[in-house]
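Among the features that Swiss-Prot reports, domain 'SET' is placed at 5-239. Swiss-Prot lists K15, G16, R17, H135, N204, H205, Y256, F257, F258 with the feature S-adenosyl-L-methionine binding site. Look at Swiss-Prot and you will find C50, C53, C72, C76 tagged as Zn(2+) 1 binding site. The zinc finger annotation in Swiss-Prot covers 50-88 and is backed by sequence analysis. The Zn(2+) 2 binding site annotation in Swiss-Prot covers C63, C66, H84, C88 and is backed by sequence analysis.
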Amino acid sequence: MGQPEGLERFDSPGKGRGLKATRSFALGELLFTCPAYTYVLTDTERGNHCDFCFARKEGLSKCGKCKQAFYCNVDCQKGDWPMHKLECSAMCSYGQNWCPSETVRLTARILAKQKTQTERTPSETFLSVKEFESHLSKLDNEKKELIESDIAALHRFYSKNLHYTDNAALVFLFAQVNCNGFTIEDEELSHLGSAIFPDVALMNHSCCPNIIVTFKGTVAEIRAVQEIHAGDEVFTSYIDLLYPTEDRNDRLMDSYFFTCDCRECSTKQKDPAKLEIRKLSDPPSHQTVKDMIKYARNIVEEFRRAKHYKTPSELLEMCELSLDKMGSVFVDSNVYMLHMMYQAMGVCLYLQEWDGALKYGEKIIKPYSKHYPAYSLNVASMWLKLGRLYMGLEKTTIGTKALKKALAIMQIAHGPDHHYIAEIKKELEL
């Protein structure tokens with residue numbers, strides 16, 4: 001099993017392990033692909049996507065026993081059985097009470113795979129799952145308690161089919177999954193599932209990444225979004241890059257236990273535009289701005305929690321009230337305004353309030369293009385959503401323009417032969 005050409009694992013100064021280019025890669029060029037070591041389709045996409053290959057199609061066939069897993073055909077069903085058998089009978093016996101989290105489901109699959117797979121897999125040419133960083137010593141009590149509740153769920157839902165190692169080994173594995181797991185997303189950045197991609201996990205983070213990770217089914221594809229020269233380290237981004245430096249580093253420290261020293265974090269060059277305030281004849285005081293940033297950070301977190309218990313209408317009202325309040329100090333292109341507009345747009349799409357969704361999307365797209373790096377999937381997916389909204393509302397001229405903007409980014413990020421590209425080209429022919 002050979003390593004991809006033009007790349008090598010190395011010790012990155014101050015960062016630990018990393019991946020380095022040993023030749024040049026052009027913009028849009030594929031560096032390598034990595035099949036998922038294990039993966040799981042998210043509950044809400046059941047019936048829309050095949051549980052095995054993640055293909056999106058109508059008329060998928062149900063598992064005859066549990067009626068909860070869906071497949072393209074018999075081959076996909078057989079391919080998935082080694083993993084689905086961990087859950088099939090438990091789904092039947094627990095019925096509505098079968099509710100392990102996605103992390104628990106993914107970890108159960110890792111344990112099952114490790115039982116049968118003793119050799120290194122094609123997903124581990126640079127880095128093996130056993131080498132994953134866990135940051136166990138850095139976990140606070142809250143994170144440890146979450147892991148313990150995941151372990152309890154693992155015992156509850158999987159004890160018939162999995163024989164566990166001791167508790168300490170499970171804590172270690174869950175900590176590894178929390179730091180090294182990936183979410184698989186579609187072309188509009190909707191969540192499709194969770195997966196482990198060991199070779200992708202080797203790459204270090206930068207807020208100015210030179211590659212982008214996209215997905216073709218359950219395979220990760222890594223392409224250059226800047227020219228890469230021999231000797232350059234290959235950097236991905238672990239987080240959403242919309243936010244200002246302090247927020248990005250808080251998120252990195254909370255999830256991955258480090259802060260970033262990339263060019264963007266050192267210069268904070270984009271922060272003034274990201275945090276721009278209104279130019280008023282009576283400018284707000286420094287304290288007023290500080291208080292509003294604090295309010296904005298709190299409302300972002302509050303909204304994230306509210307999604308689990310509030311109705312869509314209540315969520316939309318929450319967005320509108322916060323936008324009114326922040327709008328007295330922040331300009332519309334301020335990232336906290338954009339964050340709440342994006343949430344509001346999502347609620348409007350869910351409620352099928354197309355005009356409302358369009359209103360927010362139109363305000364978001366221009367600042368997104370400024371705040372995000374070139375060839376950003378966040379920008380591409382926003383153009384795509386807008387294009388599809390325009391087309392649905394029979395505004396074909398402007399819809400065509402928006403879809404073409406999405407296409408221009410995606411041809412670099414996803415590669416010209418990706419099935420998403422073919423689908424969008426088909427939409428442009430209508």
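Each Cβ is built from the backbone N, Cα and C atoms, and glycine gets one as well.
Ranking the binding-site residues R17, C50, C53 by the distance of their Cα atoms from the Cα of C66 (Zn(2+) 2 binding site) places C50 first. Looking only at Cα atoms, C88 (Zn(2+) 2 binding site) sits nearest to C50 among the binding-site residues K15, R17, C50, Y256. R17 (S-adenosyl-L-methionine binding site) has C53 as its nearest neighbour among the binding-site residues C50, C53, C63, C72, H84, going by CA to CA distance. Within 8 Å of the centroid defined by the CB atoms of C63, C66, H84, C88, the record's Zn(2+) 2 site, lie the Cβ atoms of K65, Q68, A69, K85, E87, S89, M91, excluding the listed residues themselves.
Of all the binding-site residues listed here (C76, N204, F258), C76 has the Cα closest to the Cα of C63 (Zn(2+) 2 binding site). Across the residues annotated as binding S-adenosyl-L-methionine (K15, G16, R17, H135, N204, H205, Y256, F257, F258), the widest Cα-Cα separation comes to 16 Å.
Taken together, the residues in the zinc finger (50-88) have a mean pLDDT of 97 on the 0 to 100 scale.
Put simply, of the binding-site residues K15, Y256, F258, the one whose Cα is nearest the Cα of C72 (Zn(2+) 1 binding site) is Y256. Each residue contributes its Cα atom, and for C53 (Zn(2+) 1 binding site) and F258 (S-adenosyl-L-methionine binding site) those atoms are 34 Å apart.
Counting Cβ atoms from all protein chains shown, C53 (Zn(2+) 1 binding site) has 17 others lying within 10 Å of its own Cβ.
Taking every protein chain shown into account, C50, C63, C72, C76, C88 are the binding-site residues, and of these the Cβ with the most other Cβ atoms within 10 Å belongs to C50.
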